[in-house]
Protein chains: 2
Amino acid sequence: MNKLRTVIVDDHPIVIEGLKTLLKNEANLEIVGGFSEGTGLLSYLNTKPVDLILLDVTLPDINGMDLCQMIKERFSTITILILSNHTERSIIMQTIQNGASGYLLKNSSLDELRQCIASAVTGNICYSKEVVEIISRPTKNQLRNTPQLTRREKQILSLLAEGKTSQNIAQELFLSPLTVDTHRRNLIQKFEVKNVAELIAAAHQQQLL
Amino acid sequence: MNKLRTVIVDDHPIVIEGLKTLLKNEANLEIVGGFSEGTGLLSYLNTKPVDLILLDVTLPDINGMDLCQMIKERFSTITILILSNHTERSIIMQTIQNGASGYLLKNSSLDELRQCIASAVTGNICYSKEVVEIISRPTKNQLRNTPQLTRREKQILSLLAEGKTSQNIAQELFLSPLTVDTHRRNLIQKFEVKNVAELIAAAHQQQLL
DNA sequence: TTTCTTCTACTGGTTTTCAGGTATTTTTCA
DNA sequence: TGAAAAATACCTGAAAACCAGTAGAAGAAA
């Protein structure tokens, strides 16, 4: 196998240099470029082939996550590893959606970086230990005690989310509209919200929809 | 390091036997049990220590994803690998939320299984190649063209999601309630939905909230 | 300068929700 | 089998949302 043509993207030139030095002696990869801006990377990709990108989230021009998605759309074969200091759960989860093959914190050891690169280029996704901890950590919303819903309530909740009125739902489930109203009211109570709009938002946050 | 005490959970006894045979010769793990039901597993966990669980999603009594969450809550040190035939994106994404350390399809090779187990027990998360493909695939919702919202509309959208009424919002933004009503109506039109409930659901699916 | 978009505001009417309740019949499960 | 939980159904009135159409003002873009 040829050496992996690797590009480093980070808004701090120092980090780029540091990574270059760290990875200089890796047998299986070769650093072919370093960029501190997203636009620079994009124009480079249009001219030269690249196998692996180590990508920071914070960039001066384009958001790293958006950049990730853009790259994946145009150059689907490129493997992208996110290397960032962001420890927010939502950011990490977003990067998966956007096609990244892994997420590492910048304080990761060289060993972890090596392991993740190996995993990523074979097609797997890999998260470093600290990142896994963040992912596993329950969301704020999940900490809030999720209300216990009955089967009927779940059913009606999802129909409400489809924009159906009590009457619609009643017809669909062969119930009295008054019954549906009651369930709706109980849902609003259980979630401690003001109306259906907030109910749907809350249910979504707690991954019930 | 001691051998990993491993339990297999699958509703098909044949699969359990197959996995047992496959993993029999692995130096670093030992199959200490096999269950075809969630309840059986749970009562076992209360009596014996376990390091690793290979868990199916489809079980006769408890949903595998819920089971995963339950196990993680009570026995946080146990590593759980999902081994399933489900190729639905939402299911895979859900398992991460619920604390699984990886997801493999049942047609994975022994090599992939080995690699994922190794990755998982060291604390990382690992997805097999096919699973990565599924994850990277854009969601249906992301394919749907997201409506272009104006600044005001975004603002009002998020206030609506907080359960605020047109009047509340009007007061907060120093507008006429009628104006807020208009914006709300435009939002409902742009999203091609019937009412605010569905609007919130749609906005959430398109990650606008 | 004209055109387009966005934000603003209105009329008038219909439908639906929401907030208090209460109460009977099924299920569930210990 | 008996208690608890869930599902069903009802009442009333006020508040809010929804529908459909119109239209002026401000700002940006062409």
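The backbone N, Cα and C atoms fix where each Cβ goes, glycine too.
Taken from TrEMBL, the feature domain 'Response regulatory' covers B:5-121. Per TrEMBL, domain 'HTH luxR-type' is recorded for B:142-207. According to TrEMBL, the 4-aspartylphosphate annotation covers B:ASP56.
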Other CB atoms, at most 10 A from the CB of B:ASP56 (4-aspartylphosphate): 23
Counts by DSSP class (helix H/G/I, strand E/B, coil) across the domain 'HTH luxR-type' (B:142-207): 45 helix, 0 strand, 21 coil
Mean predicted confidence [pLDDT] for the domain 'Response regulatory' (B:5-121): 86
Residues in the domain 'Response regulatory' (B:5-121) grouped by DSSP into helix, strand and remaining coil: 51 helix, 26 strand, 40 coil
